[in-house]
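Here's the structure we're looking at; comments come further down.
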C-alpha cells in the first residue's frame with residue numbers, strides 16, 4: 001500500500017469561473033455552463049463520462065463512454081445492444097454517470113432511468129461517424145472474446161469490401177440510450193477538502209427539481 005505520508009495534501013487549486021454555482025436554480029443550465037468551460041480547458045474528450053450499470057446478480061460494472069448529446073430529456077451515448085452494458089441496461093434500465101473535469105477540479109454525478117433512443121436518432125448519429133468507425137461497428141462483436149487483433153482487422157476488411165461504394169447503414173444491433181436524470185450532483189474542489197457540493201433531486205422526469213446543499 002502507498003505510504004500515506006508520501007501523498008501531498010492539497011492546499012491550492014486552479015478552477016473555472018468564480019461565480020457561485022451553488023446559487024443555480026436548476027441543473028441543466030449549470031451543466032451547460034460547466035461543460036462549455038470543460039470544452040475549453042480539458043486536454044481531450046471533455047464529453048467522456050463513466051457509465052455505471054449492474055448485472056442480474058447486482059454486481060456493478062463501470063466503463064468510460066462518450067456523451068454524444070444532451071438536453072433536458074437526458075444524456076445520450078451509443079454502443080452495441082449486445083455489449084455488456086447493453087445487456088445490463090436491458091435487464092435493469094437504471095444507470096449512473098460521472099463527469100470528471102480535472103482541469104477545472106469539478107465533477108458532476110448523475111443518476112437516472114434509461115430508455116433506448118429512437119431508430120431515427122440512432123440512424124442520424126451513425127451517419128455522422130467516420131466510415132472506418134462505421135465499418136468497425138459492423139465488424140465488432142463487442143464484449144465477446146477476440147482471437148487476435150489480426151482477426152479483427154480481417155473482419156473489418158471483409159465488411160469494407162461490401163461497402164466500397166455508397167453509405168454504410170447502421171447495424172441493427174447498434175443503437176443508443178438516453179439517461180434521464182432524477183439526481184444531478186455538482187461538486188467543486190476547494191482548499192483543505194472544504195469543497196462545495198449541491199444536489200438537484202426529483203422523483204421523476206418532468207417534475208420540479210429540489211436543490212440541496214451537501215456536506216463535502
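Glycine is no exception: its Cβ is also placed from the backbone N, Cα and C atoms.
Take the FMN site that Swiss-Prot assigns to 63, 64, 65, 66, 67, 68, 78, 79, 85, 107, 142, 143, 187: the candidate from 129, 178, 197, 201 listed for it is 197. Fewest Cβ neighbours within 10 Å among the binding-site residues 67, 194: that distinction goes to 194. Residue 68 (substrate binding site) has 78 as its nearest neighbour among the binding-site residues 78, 85, 142, 187, going by CA to CA distance.
Working note on the binding-site residues 85, 129, 195: by count of other C-beta atoms within 10 Å of each C-beta, 85 ranks first.
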